[in-house]
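Feature annotations, courtesy of TrEMBL:
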DOMAIN    6-103  domain 'PH'
DOMAIN    138-223  domain 'DEP'
DOMAIN    246-350  domain 'PH'
Amino acid sequence: MEREPMRIREGYLVKKGSMFNTWKPMWVVLLEDGIEFYKRKADNSPKGMIPLKGSSIHSPCQDFGKRMFVFKVTVAKQQDHFFQAAYLEERDAWVRDIKKAIHRIDGGQRFARKSTRKSIRLPETINLSALYLSMKDPEKGIKELKLEKDKRVFNHCFTGTCVIDWLVSSSSIRNRKEGLLLASSLLSEGYLQPAGDTSKAAAEGLSDTPFLDLSDAYYYFPDSGFFCEGYSSDDDVVLKEEFRGTIVKQGCLLKQGHRRKNWKVRKFVLRDDPAYLHYYDPAGGEEPLGAIHLRGCVVTAVEDMPDTKKYDVDNILFEIITANEIHYYLQAASSTERTEWIKAIQSVARTGK
């Protein structure tokens, strides 16, 4: 019986999408012969695999100036995969171990395993890229909406039913069953992204089809400006059971708002059980303005902020990407303090509930 490849290193990293400049948290596993990446740590099947035989690794990687601690793995077919670590020491540890694995596999080991991700067969006449551009057409494409569900507002998105309706009306398919096949392929290739628990659960294999023809299953285009927000006075709904944990770290940080993109000083309190980062008005008040759920999140340092007025922001920034793929941008007072916050949040995200 063939021996399973040994796990050398694993942990959350931010990975760039293969087609769009979107960065998402992934659970990354470095094996003796390749790199597997999963949407969540608990998933059984990887979203993809990177063979290490004939690959090369580049660090530091300057392809993305606004993102710090990025490294690049280039496979034998000259396809690039970009990963971002949280801080310098973490990136260097990944790079060191990947280099060792590449050296060993190039010394004679064979990479024979195939990805377990199921492929969706479509007629060769269908051009997904051209179809995607038609779907995004401002006049004739799918209309992006603001939708509400479970005390959350989903901006720049649309329902699964709207997608299938559009495919039928544009004569791209003959019936809704074919529409599910085509929409599932668009989802699999990254042209559509799930938004909300219902569509995400289906995309992860918890439904009969990856894509759902439902009015309460939400999706969005990856480069549309999608973001999700809660009903609270600031950004996130706060529940009483969030406060039973031990305080791990606290202090003031600058936080960028989701709606107006302005920066405000907030007092942050990091708790370990459940894993929450609450923020308060620094002038006083016992009730938090909001909370960020950290379980399964990824946190990384960043150099600059996209599409925002900077005010007095000095670029000592870091980004938290939650398990629901909501992005939060914060600024510390110094590089040392930023690293301390990143390490503390990482620790809570791995062990907290």
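Glycine too: its Cβ is placed from the backbone N, Cα and C atoms.
Each residue of the domain 'DEP' (138-223) gets a DSSP state, and the totals for helix, strand and coil are 33 helix, 19 strand, 34 coil. With DSSP states grouped into helix (H, G, I), strand (E, B) and coil, the domain 'PH' (6-103) comes out at 16 helix, 42 strand, 40 coil. Residue counts for the domain 'PH' (246-350) under DSSP, split into helix (H, G, I), strand (E, B) and coil, are 16 helix, 45 strand, 44 coil.
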